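Chemist: Handing you a structure now.
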Amino acid sequence: MGCIKSKGKDSLSDDGVDLKTQPVRNTERTIYVRDPTSNKQQRPVPESQLLPGQRFQTKDPEEQGDIVVALYPYDGIHPDDLSFKKGEKMKVLEEHGEWWKAKSLLTKKEGFIPSNYVAKLNTLETEEWFFKDITRKDAERQLLAPGNSAGAFLIRESETLKGSFSLSVRDFDPVHGDVIKHYKIRSLDNGGYYISPRITFPCISDMIKHYQKQADGLCRRLEKACISPKPQKPWDKDAWEIPRESIKLVKRLGAGQFGEVWMGYYNNSTKVAVKTLKPGTMSVQAFLEEANLMKTLQHDKLVRLYAVVTREEPIYIITEYMAKGSLLDFLKSDEGGKVLLPKLIDFSAQIAEGMAYIERKNYIHRDLRAANVLVSESLMCKIADFGLARVIEDNEYTAREGAKFPIKWTAPEAINFGCFTIKSDVWSFGILLYEIVTYGKIPYPGRTNADVMTALSQGYRMPRVENCPDELYDIMKMCWKEKAEERPTFDYLQSVLDDFYTATEGQYQQQP
């Protein structure tokens, strides 16, 4: 595509403010997965109010309106779906959350399309190197994921300044190994972009082409765009209570307290995880209350609930499929055993991010441990199993009579009084950190549940293990404070773990 002009930003200077350094230590990072639950609707922008990343263009009369181009091919499953090929242009007729009604300008057919498979024509979103709605941290995870190498790069939107962009590049440092360098992209008042004020470009596309030919002050020449995995298509429109025959169970993945977990397919097309509930375990009404609660928790660090089957037993709960299974099993596997400490801490940061979301939503998990965290093919961690979670009014929740909970992961006040809060989840998170840094070992090794309860009442805490940094152990001890109110928030834990290695270093590279 051609140049995409910048609209001047008065708040941005063009005098070349110095930028700082953001190294990332030697570790593979996970691929960022865009939140599939976003229902943001993008409306057409009048040409007199173009945004950064758009340009004036005369369109065919037939193309008047919102025109999108396919980033990936899509084969329709339902009669009202519209199939399309990569690069095909379509006119958006109606927007329905994650599914839009569109007309192909090639075939003239109409139907529903997955909105995350397309991008607005003549925007940066059509470029393979542009990653929309991605944080600096997730950009690092994406670039350090398997399949990318030194010279891989992406352009992302600024997290703090709307309409601004940053360039993130994978480099190799003899001391630190694989690192990510970030460069702020500045806008000129009269249009155009620059990283270094000594050379400017009319559009970001021209800037990329220049730095693909020569480093010209960057850490290295830009080579290949960061690999972007094909997104999972949105769940079917209005498919909540689904027919049992629409689910095909393929492979049993495991069994838990309330039933089994299977890999299966919905309508023979969408790979899903299926939790089956043992008959008589709980009432359909109680199950639906839990399922409806879980459905409200939508974040890219939480396993997403898709649908349920409740008309007869066994009850099914349909969630997104995570290829590498539980974090506990992964850590104990050959592959997981090769993961280095920086990546283990990144796992912790991802889990803290998901729990920070739960914290903001005034929920509790009640059973946070490595067995209830799942891992994707690209090593993205997502929190699962909200079967015992409950919305709370006064930040207090009393366990039901006879409820089973894992002693070694549970805070003393929850063990002794049955009261669960987000702060008891923080205690459990500290135990989860122990699981992670020991590659899945059972907490309090050699001690029975009764021994643990007695030891905790006497102020005992697990000692630091050999490969655990002092700073990480300090975080564990914060989580294990006797007084719940003295334990940190998940928001704080996320911020500390996100920048565990870089807290005292700058974020951006000096201008070339």
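Along the chain as shown, residues are numbered 1 onward.
Here the Cβ of each residue, glycine as well, is placed from N, Cα and C on the backbone.
Bear in mind that the values here come from a model prediction, so they are computed numbers and not experimental data.
Residues or ranges marked as active site, proton acceptor by Swiss-Prot on the basis of sequence analysis: Asp367. Per Swiss-Prot, the feature ATP binding site maps to Leu253, Gly254, Ala255, Gly256, Gln257, Phe258, Gly259, Glu260, Val261, Lys275; the stated evidence is sequence analysis. The domain 'SH3' annotation in Swiss-Prot covers 63-123. The feature domain 'SH2' is assigned by Swiss-Prot to 129-226. Marked as domain 'Protein kinase' by Swiss-Prot on the basis of sequence analysis: 247-501. Residues or ranges marked as N-myristoyl glycine in Swiss-Prot: Gly2. According to Swiss-Prot, the S-palmitoyl cysteine annotation covers Cys3. The phosphoserine annotation in Swiss-Prot covers Ser11, Ser13, Ser228. Taken from Swiss-Prot, the feature phosphotyrosine covers Tyr193, Tyr306, Tyr316, Tyr397, Tyr460, Tyr473, Tyr508. The region 'Disordered' annotation in Swiss-Prot covers 1-62.
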Chemist: When the Cα of Gly259 (ATP binding site) is compared with the Cα of each of the recorded positions Tyr306, Tyr316, Asp367, which one is closest?
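Modeler: Closest candidate to Gly259 (ATP binding site), judged by Cα separation, is Tyr316.
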Chemist: Would the domain 'Protein kinase' (247-501) count as touching the domain 'SH2' (129-226), i.e. at least 3 C-beta pairs under 8 angstroms with sequence separation of 6+?
Modeler: yes
Chemist: May I ask which residues of the same chain, at least 6 positions away in sequence, place their Cβ under 8 angstroms from the Cβ of Tyr473 (phosphotyrosine)?
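Modeler: Looking at Cβ-Cβ distances below 8 Å from Tyr473 (phosphotyrosine), excluding near sequence neighbours, one finds Arg464.
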Chemist: Residue counts in helix (H, G, I), strand (E, B) and coil for the domain 'SH2' (129-226), per DSSP?
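Modeler: Counting residues by DSSP class gives 18 helix, 31 strand, 49 coil.
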Chemist: Could you give the number of helix, strand and coil residues in the domain 'SH3' (63-123) as assigned by DSSP?
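Modeler: Taking the domain 'SH3' (63-123) as a whole: 4 helix, 30 strand, 27 coil.
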Chemist: Going by Cα-Cα distance, which of the recorded positions (Tyr193, Ser228, Asp367, Tyr460) sits nearest to Ala255 (ATP binding site)?
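Modeler: Sorting the recorded positions by distance from Ala255 (ATP binding site), the top entry is Asp367.
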Chemist: State the count of C-beta atoms found within 10 angstroms of the C-beta of the residue listed as 'active site, proton acceptor', not counting that atom itself.
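Modeler: A 10 Å sphere around the Cβ of the residue listed as 'active site, proton acceptor' contains 22 other Cβ atoms.
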Chemist: Find, for the listed modified residues Tyr193, Tyr306, Tyr316, Tyr460, the residue with the lowest Cβ contact count at a 10 Å cut-off, counting only other Cβ atoms.
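Modeler: Comparing Cβ neighbours within 10 Å for the modified residues Tyr193, Tyr306, Tyr316, Tyr460, Tyr460 has the fewest.
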Chemist: Tell me the coarse DSSP state (helix, strand, coil) of Tyr316 (phosphotyrosine).
Modeler: strand
Chemist: Might you list, by sequence position, any residue in that chain lying six or more from Leu253 (ATP binding site) with a Cβ less than 8 Å away from its Cβ?
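Modeler: Glu260, Val261, Trp262, Met263, Ala273, Gly325 - these are the non-local Cβ neighbours of Leu253 (ATP binding site), listed in sequence order.
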Chemist: Would you identify the secondary structure of Tyr473 (phosphotyrosine) according to DSSP, in three states?
Modeler: helix
